[in-house]
Amino acid sequence: MAQYRPLNDGQQNFTQATNPQIVAGFEILRQSVKLGMQQSESARRSSMKAQALVSKQSQMLNQMKEQKIMVQDIIVPVDTPTNTKQDVLKKAQNKGEEYRNMDEHKVDVMTLANRLGTSREDGLSDDQAIQKNQQYGDNKLSEKAKTPWWIKLIKEMVQPFSILLWIASFACFALYGVNPNALGAKSNLWLAIILIAIILLTGSITYNQSAKADALMEGFKNFLPQNCIVIRGGQRKQVPAEKIVPGDIVEVKMGDKIPADIRIIQSREMKVDNSALTGECDPLLRVTECTSENPLETKNLAFFGTLCKEGSGLGMVIQIGDKTVMGQIADLATGGETPETPLNIELKRFVILISCIAVGLGILFLILSLVVEKASVDTAVGQAIGIIVANVPEGLLGCITVSLAITAKRLADKQVLVKNLEAVETLGSTSCICSDKTGTLTQNKMSVENVWYDGLKRRALNKLIAGKNAEYEYETSDPTFRDLHDCAIITSEAKFNIQAKDKQNVNWLDTPTIGDASETALIKFFQPIEDIEVTRQRRQFAELPDKSLAKMPFNSTNKFSLCIVNWETQDSYYCVYIKGAPEKLWTFCSYLLVEGRNQAIDEQITQKFKQVNLTFGKGGERVLGFAKLHLPRAEYHKGYQFNLNSVDTLKFKLEAFTFLGLLSLMDPPKVTVPQAIKKCQSAGIKVIMVTGDQPPTAGAIAKQIGIITGKTVDDLLDENPSMPYEEAFRLAPAIVIHGDLIVQALEEEAAQGENLPEEMKDRKLRSWCSKPQVVFARTSPAQKLMIVRACQYLGHVVGVTGDGVNDSPAIKQGDIGISMGISGSDVTKDAADMILLNDDFASIVDGVEEGRKIFDNLKKTIVYLLTSNITEVFPYVGEIAIGLPLPLSNAFILTICIGTDILPAISFAYEEAEIDIMTRKPRKKDDHLVSLRLITHAYLLQGVIATSAGFFSYFSTMNEYGFPPKLILSFMNTPYQQIPWTPITLANGQPYAPPPTSWVWDMPNMNNPFLTQQPYSPNWQMAPVLVPPSENQIADTVGFQNIPLNWINPELIYYDLRYIFVTYNSTDNRWFPVFEEWNNQFSDQLCRYFDRSDSLLEGSGYPINTNACFKTAALKYAQTSYFVAVVLVQWSNVFSCKQRKMSLIYSPINAVMFYGVILETIIFLCIVYIPGVNTWFGARPVDILNLGMPGLPYSMCLFCWEEMRKYFIRNFQKPSKNEPNFFEANSLW
């Protein structure tokens, strides 16, 4: 919150709150009025010139076309303004037309009073006020509806990635609703619920972060005072400000807010702070005369919402409420739009990419399922949704949100507050920073830099900073320095805002002061030499006839201030001290004080003075001169009546003064800024200074901090005056541009009218911005906006820093706005995306590193998650395309996505930056978060390795349970007996249904206990059991079917499949297993776990063969092995993704990553081995040595390949120095 202190009262503080949109709106409105006036005048004077310019421009374009030079080849394409911004500009033009036609500031006060039906002396009557209040309404701004918190929460939950998850969850709900009793239906229900839980959780996190920032930024934004003093019926009355009406005479004094737009009819040195509208914090004098045709710039109007800083006055109300300037620009303030963050753009692109892949594969395999597998519609749709959901990295949204929040927390520890989580990544992709100077790059504390006395320039080190042991170039006991010291302190009004009792052990550098910045610098420099109060008591002011002190304040016309003190010497009773512009004071002086003695000023001394004054000026320093004059005793006796009302009333001549010396002041750069600028430049980030200060000052500071390291255009022109400006501009690496040049360029374009091609507009400004080193000085808020937009047109991702209200519109326009937290005003904090709580520009470097790091780490997270994604997709492909029993169940897919993978994926947020992160160039806009190389790497390289590990574990496990790979691939097109069997009638007339677990290898008469004996009965072949199928009649044969076997059918789980897949041999009149592997009496040995019971089968009521061998129950073990293999490969994958180029051995230890690996290991161990838990997940306690280990070789293979790939990226020969080698160009994601 900006604090203002009046010079004459240390006890009162005034607060003025501002709004960035209002500042921008006012500037647009003011520029619209100004430009309209200029265009009207220009149209009358230079229509012919404009036509000539257009003709010349068209001729130039035609010549270019004839020479086959494309405009696009030499001009950077321009982004056209958005419709919203065009509406704002159009609105501003319409309102500007209204203000150009108003005359309340130009007409005579009496005429205006008659128009408003009021009296200048008596004001309105009470009846008139009541009537006008009914006519015009209350004096307040219409409130805009705020977005309810629940709407904001909903918006957080319908972000692009969230929408994809919503669609997937609704699809799962729909599939469950169609057939809730279908096999696997409940897994779809659980998947839908979990997806919604993820969306709600991540949405709540982002909403909570935004809500905290909004609460922090909630400031005092009520521009309307509660009460004010008006004159009604000739009497002073206090009335509610809401009841003021046009024609009221309002009394305004120091500290009051202006309650309406008023015409000044009386001013007693009344000064207002217009920062709420214009961003100008300096007090602006209000007068009764019209000073400008533009009503927004004239000094005889004061506007609603501004603050009276000094003096007092009377004003006649001309507009109230929504009709005031503040009310008129309220609509404009809502016209600004926040650019979409690069991260949001990348996430949208990623969502579209993943959606296309997922939906495309889903549709493809839906068709395959219906056509090839001949599955039912609900089964095929379920498989398609499975494919789609498997392609969606459900945990990624949570990982991104948590990663951003973690990074924001880490930045908060570094005193950087992130209001918008996505702004963190935006800062990392920033390629250009437009920074304000004062308070951002500099300390916003004027300090004395140099002193010139006795004809010599000396460095003015502050004793509080340098300390007692430092060597000082100035000598405090020197008589000239003593006189200079006395003059500087006595002519200054500034003082420390501290009580006398608190003066012990005070750090004067940090002590608050009352006074302007220049005088504050003087007292902080001289205080450690001698207490300023002691200095002032030594020289008491003379008194004027009205008993006031003999002081003449500084004004812009005289360019000096003076005072008269009592100083009795042999020849004088009074001494005149004077302070001001050195070149002005020098004309008053005849002598220079050297070693305490007057020395007549000659040409040589004058040249020395001019040279040192010029040197200080070129160095960007503000220079103050000091002189004294002892008034002769004979003419100016004791008690002489002085008159200091004006220069003309002085009773002494401004001549024969003795010049004491010069003090140069500078707002020094912050100590950490030069190093921060170097880091930005090494990171390929261009830093542009955009300031309202003078060009010499801006240029000097830019050179000190390293923004300018080469020669500027002005430097080249000074060295070679005959050099054309165009040549100097071409050769100079650096340039300092005055804001007036921007206005001039705009006027030239305006003169050319609408015929100027769009790509040629703002070309000059863009050419300035394209220089390697750029400084813009004396810029207005509107020009800062234009500069930021020009940089964006050039393709830069622009960060804008600042602390004053002047910076707020540009901060709002930038891709990322950064405000100072201590010195920053409420308006800039409100407009910014990030706030530097310690006001340290160097913290931006930390932010850039964090931003780049988070982009890298998000890439690593996506590669890690997509690797396991492909392991979830291929099992569905195998099931649909070749009829494999599903290698990975939905429960395991969910466990991987939102269980085992989550913490390792989040651990990348804690990953330290790679070594080269701050030496890379900023990423280009076509360097996407998810590129083709990244997809290829994740899916076709690491994903294939991980999937191979899963399938190898799956096939090896199925083989251990009696299902060799060749046999599994044969199941799809092999008919089998329908389960459960329909009871059949045996030869003896008894009904019979074979039990599921009895087994005789050659199955004579299908295990009929009445016909099968040991040894075999000779008559067993004669028993009619089943009618053997003839060729091509299998589908019509009782008890057989040829649809794919349903491996998750609970009715089938108890049956030995050797008994289900059978065929009748008419030669032997026997039934045999279909598959050769099972067609022998030793087939039991195919299953190494024949003697191990399965817990689920033990309670089946069938005491024989309760193991999982040759049963569909074996699939549970195979799926568990697949799951374990994926987890094992992800062990290596997470460490392989730690670095994109460097080897793991050079990577700092990430403790969270180790915790993540440990946690995912604990998760899979719990799911696999804890009874009850494994049943719920459909897992089985696999033999870890024989079933879990098949994934380890693949895990090691992935790790070794990644280390080899990174080695080749670092060391493979490059075609040239600046070109990447083959591996870097094709495999660095």
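The backbone N, Cα and C atoms fix where each Cβ goes, glycine too.
Lifted from TrEMBL, the feature list:
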{"type": "DOMAIN", "residues": "103-177", "note": "domain 'Cation-transporting P-type ATPase N-terminal'"}
{"type": "TRANSMEM", "residues": "158-177", "note": "transmembrane segment"}
{"type": "TRANSMEM", "residues": "189-207", "note": "transmembrane segment"}
{"type": "TRANSMEM", "residues": "350-372", "note": "transmembrane segment"}
{"type": "TRANSMEM", "residues": "384-406", "note": "transmembrane segment"}
{"type": "TRANSMEM", "residues": "862-884", "note": "transmembrane segment"}
{"type": "TRANSMEM", "residues": "890-910", "note": "transmembrane segment"}
{"type": "TRANSMEM", "residues": "930-955", "note": "transmembrane segment"}
{"type": "TRANSMEM", "residues": "1149-1172", "note": "transmembrane segment"}
Legend entry - Integer average pLDDT (0 to 100) for the domain 'Cation-transporting P-type ATPase N-terminal' (103-177): 82
Inset, instruction - Count, for each of 189-207, 384-406, 862-884, 890-910, 930-955, the Cβ pairs lying under 8 Å from the transmembrane segment (350-372), and report the range with the highest count. - result: 384-406
Legend entry - DSSP residue counts for the domain 'Cation-transporting P-type ATPase N-terminal' (103-177), split into helix, strand and coil: 45 helix, 2 strand, 28 coil
Inset, instruction - Take the transmembrane segment (890-910) and find every residue of the same chain, 6 or more past its ends, with a Cβ under 8 Å from one of its Cβ atoms. - result: 184, 187-188, 190-191, 194, 198, 386, 389-390, 393-396, 398-399, 402-403, 406-407, 854, 857-858, 860-861, 864-865, 868, 871-872, 1119-1120, 1122-1123, 1126-1127, 1130, 1134, 1137-1138, 1150-1153, 1155-1157, 1159-1160, 1163-1164, 1167, 1177-1179
Legend entry - Residues of the parent chain within Cβ reach of the transmembrane segment (384-406), under 8 Å, 6 or more residues beyond its termini: 161-162, 164-165, 168, 171-172, 175, 188, 191, 194-195, 198-199, 201-202, 205-206, 209, 347, 354, 357-359, 361-363, 365-366, 369, 421-422, 424-425, 854, 857-858, 861-862, 865-866, 869, 872-873, 876-877, 890, 893-894, 897-898, 901-902, 905-906, 908-910
